[in-house]
Amino acid sequence: MKVLVAVKRVIDYNVKIRVKPDHSDVDLTNVKMAMNPFCEIAVEEAVRLKEKGVATEVVAVTVGPKAAQEQLRTALALGADRAIHVQTDEAVESLAAAKLLAKVVEEEQPGLTILGKQAIDSDNNQVGQMLAALTGRPQGTFASAVEVDGGADDKSLKVTREIDGGLQTVALQLPAIVTTDLRLNEPRYAKLPDIMKAKKKPLDTKTPDELGVSVASGLKRIRVEPPAERQGGVKVGSVDELVDKLKNEAKVL
Amino acid sequence: MIDYHAPLRDMQFILDELAGLPDVAALPACEEASPDLVAAILEEAGKFATGVLAPTNRQGDLEGCRLEGERVIVPEGWQAAYDQFCESGWLGLSLPEEFGGQGLPKLVSTPVWEMWFSSNMAFTMLPQLNVGQAEALLIAASEDQKPTWLEKIVSGEWAATMNLTEPQAGSDLAATRMRAEPDPGGDYRLFGQKIYISYGEHELTPNIVHLVLARLPDAPEGVKGLSLFLVPKYRLEADGTPGEKNDVRCISIEHKMGIHGSPTCTLSFGDNDGAVGQLVGEPHQGLKTMFIMMNEARFGVGVQGLALGERAYQAALEHARERVQGRNVVSGETGLPILHHPDVKRMLVGMRARLLAMRTFLYTAAGWFDLARHHPDAEVADRHRRYVDLLMPVAKGWCTEIGNDLCDEAIQVFGGMGFVEETGVAQLFRDARIITIYEGTTGIQANDLLGRKILRENGETLRELIDDIRACARSVGKDDRLTELATSLDEMLDTLAATADWLLAQGKERTAALYGGAVPLLHLLGTVCGGWQLARAAQAAQRQLDADEGDADYLAGIIDLARFYMASVAPEAASHARAVRDGGNVLAQFPETRL
Amino acid sequence: MSILILAEHHDGQLTEATAHVVAAARKVKESIGGDIDVLVAGENVGAIAEAAARLDGVARVRVADAAVYAHQLAEPLGDLLVALADDYSHVLAAASTTGKNVLPRLAALKDVSQISEIIGVESADTFQRPIYAGNAIATVQSEDALKVITVRPTAFDAVGGSSQDQGSAAVEAVEAGIDNALSSFIDERLEQSDRPELGAAKIVISGGRGMGSGENFKLLEAVADKLGAAIGASRAAVDAGFVPNDMQVGQTGKIVAPELYIAVGISGAIQHLAGMKDSKVIVAINKDDEAPIFQVADYGFVSDLFEALPELEQKL
């Protein structure tokens, strides 16, 4: 079974973001970029499926500017076999990303497509679900366990999902779409020899035009602001004072 | 816990713009080091340092090592970290492909090892020993020996140690007593005691390979009678796997002020019938091999100074941004983080300026190693080899001293919280204290600089270096915006040149007086080299700014850091020069009995 | 045009989240008018529909009662919404794991964008939503004919409900004839805890590395029992192995915004603050009076937690 795994280039998890003075967006000039953490989990899952003999090939795909090739190389260093870069400098919203990925799914016909549940920049949590809808495939979102029983020719997939208050397990007809949650696995670190080999693995570049998809969006970002700063309050001197304030001043008890 | 994040932007800027990565990548045998690959390696190494090595640093310090009988127990996190480090192939980064390494140039391995040392100094000493031993075996081992030992050492399957010091033979290896007696079977049997052996014993690997300096029965006295031997913890079976335990045991470990996670062992060889070993290289040529490796080893310790200083700076900066305390000295405003206090800011800007100076200096020197080793033009290769020879005592001595200063200053930024162990900066300070001592103290580096590197060759390479830096100052001075940097650099050079002239003009009878000023001389040369590198950095930053490349704010910061160095560190050059001349004189006349 | 809300329910009960989403819908309605309909999809959901009908501001409850919706699987629910959406200008759901699972399917199939996890309504087409883990707030405007929106429940105060004998909205059945061959339900394991779920709790009490061990979290449990609070943890406590990762509050864990958040032995790393700083009232208990957590706390108590917690339990 072929596994397609989608990755996104986002601001590094550790970078403290700054809003641009003109409030048009977050300032991304020269900040450190990295692979979205949930996408790292997606790549890890795909590579583990290959190591188990379930996946025969792992193809990494991204939508983004030229520099996003760095994240594809990371995926290749982690164990993906080849990569597809849908290159565009436009801002791509979730729906357009899903449409582009749907075209790639159509071309590649993967048995399983794995995505991160959300990107830590836009925090949308949409693309996997939209891709499932557009391709008519079932979805297993927020996965904490993925099980393909019976080997590579199996027709279904068992996905355990993190839902509010617990876990839900569903069976999906293959081909299917899965999005990853935090507990699915712990991504590995790339090995040095694999980083060096990644340079030589195939990487195809396509454009939205070639795929026949317009990346225009019905959504306009009007402004971006920093959240309201929280001010420190008062110090209390005793448990009694604390309980009293919570009851009579804050009225939360 | 103090987080660590690899300073990738500084590293990349220096590699690309100042240390000559494009030139090194053009050398034969270095073609792999393309910019995108190097960026990917640094990125992934940074993740590993932050995610795997840094989190075990504090725990390793708290836990330390202990001796149970003859067993040495290292901190609990070490095994997993070591296994992952080796499996990820990091140990072989700069070692030859023939033995399982990746053969990347020193310029690439230097920032990577800097990250390992920053994230966990005590741990990193373990794999670093493998690299050191592999380099020794590459120089001295026979073609028969290489495959047996090198593959295991390069992969990290077996650990390695370096056994030089004995109780009576510390800085002075001529006093070495360890005996090696030929065995009828063709091997040697070793008898004696070695002290201060880092990772001399542990159970992290199925075997440990000791490289031991010892004396053959027919050896001449002194340093010319030392030979090198390979003594495995477990003797090898015919198929090369570890078998019977050798006659080597750990009889004690030291209780140290720092690097607690690294066991410092006393090893006893031949308590019974002798520890069986193989001779490496020719008889009595052991120290020669050690000398070839010396520049690499000193360089490595210099990088430790940079690395610990970087970690200390990161911690201090984060603290200064978060800690709210005191009132503005002018406006009286309260509620601001301490970074707003001018003196705290002074410390942090000064730290960053010296880090940039050290990093640029060390990476540039790493490039010299590569050029010396691989450049097809013998003259170019030779010039860089001579620079390495002249400046390695400075790279070691100056960068470790400054590294200590930075760890010290970071504690000052933390105030009382820095004196408390919990915050983690105290550990950096304690860990750093060894680096001005091992691999030759600052005093020994300074003596080497003065005696072997300057006086012996009548200052030839030093004058060449001064000319080079002078040319740099001229080039920087052509840009009106950078004139003040060039002027400061010129002033420092005048001081250095005058000091060199004075040194070389003194007669032999005055030599003792000169050695009294050796350490100030080392500081003087270090200070000049730092200023030189920062002037280059400012020039490169200005060039990028003019070309509208890169992050303008960052680049302007580089130029300001160079300015701050020239304003606050460069003036020290004159006082160092004064101490060289006058301090040495006073010392020479001062009777020891008056102490 | 009207607004449709996908009701959120669990174990035969309408969940509180729905009343918060209705509140957001009423804000939308202020600028465009129209009715608010609630869709209750599931199996044997009559009682849930009645509960939804009593929510203030709801005009009509539409009930899709069929086995295919029993476990809120995304594929049939998405198709059902697609079948109904033409009657509406807005479709809203809670930004719960159900809402997040289903709504993007509707958006994709109607070829419109989705606006995720809104925390403010500026007008019928302009909304505020957090990005970068709440480190920035974006105001976005949708030009699509259909607005598909998930709502962060904690950002809107729940609407009230009428009692059983008062008037309530009309309840009518929906026949959509949806089937689902793509996915099937296997099982569901809900936490068997008397405590509320972390993301939905009104009060959260969290422990950090200062707790010293997993065993000491019992001190928190005792207080949580008195308050009916959920228990969380900082990443440092999770990293130290005190408690499992699903208790983590922070940028990589759960983002919570309860009425009351009590941080115990937590220094207040930025990553942790990102996960709780929208709480209405924050209390910090820490022996280090310089801990950054005090800079965001409404009430700070500098004290040894091993003394403060037992006393707090006793005085509550």
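Heads up, the Cβ atoms here are built off N, Cα and C, so glycines get one too.
Database features (TrEMBL):
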- C:ARG209, C:234-235, C:248-252, C:265-272, C:ASN286: FAD binding site (BINDING)
- C:3-189: domain 'Electron transfer flavoprotein alpha/beta-subunit N-terminal' (DOMAIN)
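Annotated features taken from TrEMBL, shown on the structure.
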{"residue": "C:ARG209", "record": "FAD binding site", "Cβ contacts under 8 Å, 6 or more apart": "C:SER234, C:ALA236, C:ALA237, C:ALA240, C:PHE242, C:GLY265, C:ILE266, C:SER267"}
{"residue": "C:GLN248", "record": "FAD binding site", "Cβ contacts under 8 Å, 6 or more apart": "C:GLY232, C:ALA233, C:SER234, C:ARG235, C:VAL238, C:LYS254, C:GLY275"}
{"residue": "C:ALA269", "record": "FAD binding site", "Cβ contacts under 8 Å, 6 or more apart": "C:SER234, C:ARG235, C:ALA236, C:GLY250, C:PRO292"}
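Counting every protein chain shown, 28 other Cβ atoms lie within 10 Å of the Cβ of C:HIS272 (FAD binding site). Cβ neighbour count for C:ILE266 (FAD binding site) (all protein chains, 10 Å cutoff from its Cβ): 31.
Confidence in the domain 'Electron transfer flavoprotein alpha/beta-subunit N-terminal' (C:3-189), given as mean pLDDT, stands at 93. Under the DSSP three-state reduction, C:GLN248 (FAD binding site) is assigned to strand.
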